[in-house]
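Visitor: So TrEMBL lists these for the protein:
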type	residues	note
REGION	1-20	region 'Disordered'
TRANSMEM	32-52	transmembrane segment
TRANSMEM	72-92	transmembrane segment
TRANSMEM	99-116	transmembrane segment
TRANSMEM	128-149	transmembrane segment
TRANSMEM	169-188	transmembrane segment
TRANSMEM	194-213	transmembrane segment
TRANSMEM	259-284	transmembrane segment
TRANSMEM	296-316	transmembrane segment
TRANSMEM	328-346	transmembrane segment
TRANSMEM	352-373	transmembrane segment
TRANSMEM	385-403	transmembrane segment
TRANSMEM	423-441	transmembrane segment
COMPBIAS	445-459	compositional bias 'Basic and acidic residues'
REGION	445-480	region 'Disordered'
COMPBIAS	471-480	compositional bias 'Basic and acidic residues'
Amino acid sequence: MSRSQSPTHPPADVPPHQENYPHEYKLYKRRFAGLLGMSLLNLVGGMAMPWFGPIATSTSQVFHTSLNRVNWLGNITACTYIPAAALVPWTVSRYGLRRACDIGAICFVLGAWVRYAANANSLSPNSAYALLIVGQFLSSIPQAVFQVLPTKYSESWFDARWRTTATMIMSIMNPVGSALAQVISPISSGPKESILVLGIIQTAASLFVFLIGSRPPTPPTYSAAQERPHRALLNELAGLPAGDESQYGRMSVREKLDFWFVVLVFGVQAGAVNTFGILTSQYFSPQGYSQNTSGFMGATLLFAGIIAAAISSPVFDRVFTRHLGLTIKILVPILSALWLSLIWAIRPDNATALFVLSGLIGICGITLLPVALEIAAELTRAPDASSAFLWAACSIFQVIMVLSESALRAGPNAKPPLNMRNALIFHGTIICVVSLLTFGLKGEQTRRERDEIEAKRGGDPTSPEPPSRTVVEELEKSEG
C-alpha cells in the first residue's frame, strides 16, 4: 500500500454528511493488478460480436446455414447487452464487484465450449446453429459486465488524480478487442478451427479475474466510501423519493437534466462509431474502395483514437481537472461536423481525405469515451449504474442506425449500385440533431469537488487544486 492520510477511521454510526472526524484514505499497489485484469477481460469481451464477420461466408458453408443466420451470431450480442447491462449494477450492489466479475468469467468459459460443441460432425445444421447462438449469447454477458464496471472499479480503487486515466485504459480495451477479432478470426484454416481459437482465448482470459478485488480495505477517496444503490438512482431519475439509501445527497434537477443529455449524446456518438465499424465496407465498396482499404480506414479511426485518449486522460486527471463538461461541449460539435462531412467525402479517388477524416473522428470520438463515462459518474455518484445507462443507450442507437441505414441502401440499379448516400445522410443528421443537447450541458463535477474537500480535511498535500468557493459553501450549507 502507499499513501495514508490519517490513522483514524470514521465511526460506523456517523452518517457521511455529518462527518467531523479525521479521515483516512489509502492507495494500494494491487489496484494496478486489478486494472490489468479488468482491461484484459474487457478486451476479450469485445471479441465475440465481430468474430464471425470476416468469416461469414465460410461459416455459412461449413455449417450449412444462411448468411442472415450467421449475421445473427453478432446481432445476438447487442440484443443480450441491454438486459445484461441493466442487471450489472444490481449484482454489484447485492454481491459486490468481484462476484459480478466472477459471473462474467464463468460465462466466458461456458460460452466458449458450448460454441465449440457445435463443431461435432454428428449434429444437424439446426442443432449446430443452436449451440453457436447459445454460445454467443453466453459470451455476450461478459461484454456487458466488463464494459459497465470500469467506472466502478476506478472509483473504488483510484483517487481523483487517476480515475479518468484508469477508466480510459479499461474502456478502450473493448474496441481494441473488436479490432483484434477481425484480424485473428480469418487466420485459422477454417471456421471450426477459428471457433476453437476464440474458445482458448476466452478460457485463458477468464483466469485474470483472480487479479480483481471488490474494494480495498481503506477507500482511496470520500466518494469511494459511499454507497449509492442503483435503485436509489432509479428512484431519483423517476422523480420518486430516493430514501435513506442515498447518503451522498440527492441529484439536483440540473444534474438529472445533464445526465439525460449525456446519455443521449453518448448513445448516439458511440452507436455511430459501432455502426461505422459494422457497415464500413458497405459505405466504401460501392465507391470503388477495396475491403482492405475499408479495413485500414476503420483501423485508422481506432488507433488514432487510442493514442489521443492515452494522451488526454492524464491531462484531465492532473491539469484540466474540472473541465469534463466543457470538453464535451467543444468536442461533440466538432465530431458531429466530421460525421456529417462523410456525406460528401465518400466518393471515388478520395482515400487521403477519408483517412484524415477517419483519424479525426477517432481522436474526437474515443477521447470522449472516458470523459462521458466519468461525467456521468460525477452527476449521479453511481458509476456502475450510470455506465449501464450509457452503454445501453449505445446499443439501442447502434441497432436503430444499423437497421435504418441498411434499409436506406440504394438498389442495384442506382449509380453507383448499392451506394449508401441516403444512409450517410441519415447517419450525419441524427448525430447532429441529438448533439445539439450539448449546448445545454453544465456538467458540474460534484463528486470530485467533495473528494477534494475531504482530502484537504485529511491533510493530503498531493490532492488537486482546492475546490471552488461556491461548491465549498454549498456543501458546508448542506452539512449544516
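Each residue, glycine too, has its Cβ placed from N, Cα and C.
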Visitor: Is it true that the transmembrane segment (259-284) and the transmembrane segment (99-116) have 3 or more Cβ pairs under 8 Å, skipping pairs fewer than 6 apart in sequence?
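Guide: By the criterion, they do not touch.
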Visitor: Take a look at 72-92, 352-373, 385-403, 423-441 and tell me which one has the most Cβ pairs under 8 Å to the transmembrane segment (99-116).
Guide: 72-92
Visitor: Counting only residues 6+ away from its ends, which parts of the chain sit with a Cβ under 8 Å from the transmembrane segment (296-316)?
Guide: 164-165, 167-169, 172, 175-176, 179, 273, 276-277, 280, 284, 323-324, 327, 354-355, 358-367, 369-371, 374
Visitor: What residues in the same chain, six or more past the boundaries of the transmembrane segment (328-346), come closer than 8 Å to it by Cβ-Cβ distance?
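Guide: Tertiary neighbours of the transmembrane segment (328-346) are 262, 265, 269, 272, 283-284, 287, 353-354, 357, 360-361, 364-365, 367-368, 371-372, 375, 420-421, 424-425, 427-429, 431-432, 435, 438-439, 441, 443.
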Visitor: Can you see whether the transmembrane segment (169-188) and the transmembrane segment (72-92) are touching - at least 3 CB pairs under 8 angstroms, only pairs 6 or more apart in sequence?
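Guide: As far as Cβ distances go (cut-off 8 Å, pairs 6 or more apart), the transmembrane segment (169-188) and the transmembrane segment (72-92) do not touch.
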Visitor: Sort out for me which stretch, of 128-149, 194-213, 423-441, has the most Cβ pairs below 8 angstroms to the transmembrane segment (72-92).
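Guide: By Cβ pairs under 8 Å, 128-149 leads among 128-149, 194-213, 423-441.
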Visitor: Ranking 32-52, 128-149, 352-373, 423-441 by Cβ pairs under 8 Å to the transmembrane segment (194-213), which is first?
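Guide: Answer is 32-52, with the largest number of Cβ pairs below 8 Å.
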